[in-house]
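Asks: Below you'll find the structure I mean.
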Amino acid sequence: MFLYLVRHGQSVWNAENRHQGWQNVPLSPLGELQAQRIAQRLSNMQFDYRYTSPILRCYDTAATIVKAQGLAPETALEVDENIKEGRISARREGRLNKELFSDWTDEEKRLFREDYSFKFEDGESVKGVIERTLAFFERVAALSEEPLPDEKEEELETRPKPTPKTALVVAHLLNIQILTLYALNSLDAIQRRQDNIDRLAIGNCSLTVIETNLKGKAPFFRVHTVSDASHLAGLKAPEPPIAQG
């Protein structure tokens, strides 16, 4: 199974440096162009499965991708709640990022940096996001092609290998960070200190490709590319229209 992980395009609140959480914020003009670029890159891919977060910035990015393949989003996409963005605190969504911590105590700031199980009453912990993201992964990875049966080495050489299946997954920064670190057997870095996850940068509409098969003698993982944004080269935010009159 090859997982093609795409982070959503830039949203209006990304551009404004606002904390989003679960809010349905639309793509910015630049985000729409980014979605078109990744759609062009993946236009010839014949995905066996297509998943998206239900949050608007992801769904609209995924819809752009499948439309470029001649498919209808409402039938081609499977929405999965387990790959939603993490929710730090519902009442703090919409704040400028620089003001996000303005009413936190020093102890809350310390716990948020260091303890991945810390959460506010109106939010969820990174530990919780990890658990639901990995539940999604295990469900999708279970669809991997069946391994060849154990046979003599010379007989295996004459048998065709199964064609790997492919899945498009349009999700959020934290989900893709989690899946990448899991494939690299490095999730313990977050357990030691939560803010270690910020060392892994995943750009808007970048492509991360992970190969996995859980049906062999041992789980198999290979990370082929992380946050590849070569398809976005030279892309700039469009100029706002000039007011008339």
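Every residue, even glycine, has its Cβ placed from backbone N, Cα and C.
Take a look at what TrEMBL says about it:
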{"type": "ACT_SITE", "residues": "His8", "note": "active site, tele-phosphohistidine intermediate"}
{"type": "ACT_SITE", "residues": "Glu85", "note": "active site, proton donor/acceptor"}
{"type": "BINDING", "residues": "Arg7, His8, Gly9, Gln10, Ser11, Val12, Trp13, Asn14, Arg57", "note": "substrate binding site"}
Asks: Arg7 (substrate binding site) to the residue listed as 'active site, proton donor/acceptor': how many Å between their Cα atoms?
Replies: 11
Asks: Starting from the substrate site formed by Arg7, His8, Gly9, Gln10, Ser11, Val12, Trp13, Asn14, Arg57, give every other residue of that chain whose CB sits within 8 Å of the mean position of their CB atoms, in sequence order.
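Replies: Here the nearby residues are Ala15, Gln20, Val25, Leu27, Ser28, Gly31, Asn204.
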Asks: Can you see whether DSSP assigns Trp13 (substrate binding site) to helix, strand or coil?
Replies: helix
Asks: With DSSP assignments reduced to helix, strand and coil, which class does Arg7 (substrate binding site) get?
Replies: strand
